[in-house]
Amino acid sequence: MSNATLLTAFILTGLPHAPGLDAPLFGIFLVVYVLTVLGNLLILLVIRVDSHLHTPMYYFLTNLSFIDMWFSTVTVPKMLMTLVSPSGRTISFHSCVAQLYFFHFLGSTECFLYTVMSYDRYLAISYPLRYTNMMTGRSCALLATGTWLSGSLHSAVQTILTFHLPYCGPNQIQHYFCDAPPILKLACADTSANEMVIFVNIGLVASGCFVLIVLSYVSIVCSILRIRTSEGRHRAFQTCASHCIVVLCFFGPGLFIYLRPGSRDALHGVVAVFYTTLTPLFNPVVYTLRNKEVKKALLKLKNGSVFAQGE
């Protein structure tokens, strides 16, 4: 970090909202956060205890649920504190650094993971006979490890570049958590180079992953159309549709914010709610809980037959 940094704390302005809505918003986001954590924990438990779900697709889903649980935890609790009292808006300099790092670490890891998951679906649908030999346990572990390491490297670069600048003036961040674009507006130095790096760094990562996902699904659709049975086509389309919904909910708001560095602060905050708060809640519902195999596993878990099966 730069030796010229003089600030010891920042003030978060919080989520843009009309006066008098603090209590209702606190209640809404508290419920959303609790449901997000419980929903993703339930998915982790079900996949862990049901041997029928020990497949590559659900292996990657456990990674996704784990990420979503913590991705929401990085930002939502602090947002709730800003709604409770003015003192909750203060965040120390080092806490801000940590929040920025883990936000981009988990966010970029999820971005890479979506790409890996689309590749997994491509192999499963396009090469069903060779799929088990191609997507082995070792291959899954290597792909998952690669996403975590890539996310860590990406976030480290982003965090170092952001806090290498001196911060000695205003300390009010126009956002409900520490993110690079609003933080850079407080720097006591020229930030044009940093903004360009953010645009290229995040833009290339997110756009690159999104393009690879689109290409994967174009190939998947072509393979699905060659499936002879209508039941097989319907099942393949259903699986892919769930993934596409989640991908659009995650990438759409993210690309909108980081590829528009001059966007308004209020708009930035509102759009950020979608991928920091709502997407982690949607994932267990859209991507997993609507799945027939998971529903069966949940029923077995409720009746206790899953644990009896493992004995």
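Using N, Cα and C of the backbone, Cβ positions are placed for all residues, glycine too.
Annotated features, as they stand in Swiss-Prot:
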type: DISULFID; residues: Cys96-Cys188; note: disulfide bond
type: CARBOHYD; residues: Asn3; note: N-linked glycosylation site
type: TOPO_DOM; residues: 1-23; note: topological domain 'Extracellular'
type: TOPO_DOM; residues: 45-52; note: topological domain 'Cytoplasmic'
type: TOPO_DOM; residues: 74-98; note: topological domain 'Extracellular'
type: TOPO_DOM; residues: 120-138; note: topological domain 'Cytoplasmic'
type: TOPO_DOM; residues: 160-196; note: topological domain 'Extracellular'
type: TOPO_DOM; residues: 217-236; note: topological domain 'Cytoplasmic'
type: TOPO_DOM; residues: 258-268; note: topological domain 'Extracellular'
type: TOPO_DOM; residues: 290-311; note: topological domain 'Cytoplasmic'
type: TRANSMEM; residues: 24-44; note: transmembrane segment
type: TRANSMEM; residues: 53-73; note: transmembrane segment
type: TRANSMEM; residues: 99-119; note: transmembrane segment
type: TRANSMEM; residues: 139-159; note: transmembrane segment
type: TRANSMEM; residues: 197-216; note: transmembrane segment
type: TRANSMEM; residues: 237-257; note: transmembrane segment
type: TRANSMEM; residues: 269-289; note: transmembrane segment
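Sequence-distant contacts of the transmembrane segment (237-257) (same chain, at least 6 residues past either end, Cβ-Cβ under 8 Å): 107, 110-111, 114, 117-118, 121, 125, 181, 202-203, 206-207, 209-210, 213, 217, 220-221, 224, 263, 268, 271-272, 274-275, 278-279, 282-283, 286-287, 290-291. Using a cut-off of 8 Å between Cβ atoms, the transmembrane segment (139-159) and the transmembrane segment (24-44) share fewer than three residue pairs, counting only pairs 6 or more apart in sequence. Within the chain, the transmembrane segment (99-119) has long-range Cβ neighbours (under 8 A, six or more residues past its boundaries) at 57, 60-61, 63-64, 67-68, 70-71, 74-75, 78, 91, 143-144, 146-148, 150-152, 154-156, 158-159, 162-163, 177-180, 183, 205-206, 209, 212-213, 216-217, 220, 243, 246-247, 250-251, 254, 275-276.
Under DSSP, residues within the topological domain 'Cytoplasmic' (120-138) fall into helix, strand and coil as 13 helix, 0 strand, 6 coil.
The residues of the topological domain 'Extracellular' (74-98), classed with DSSP into helix (H, G, I), strand (E, B) and coil, number 21 helix, 3 strand, 1 coil.
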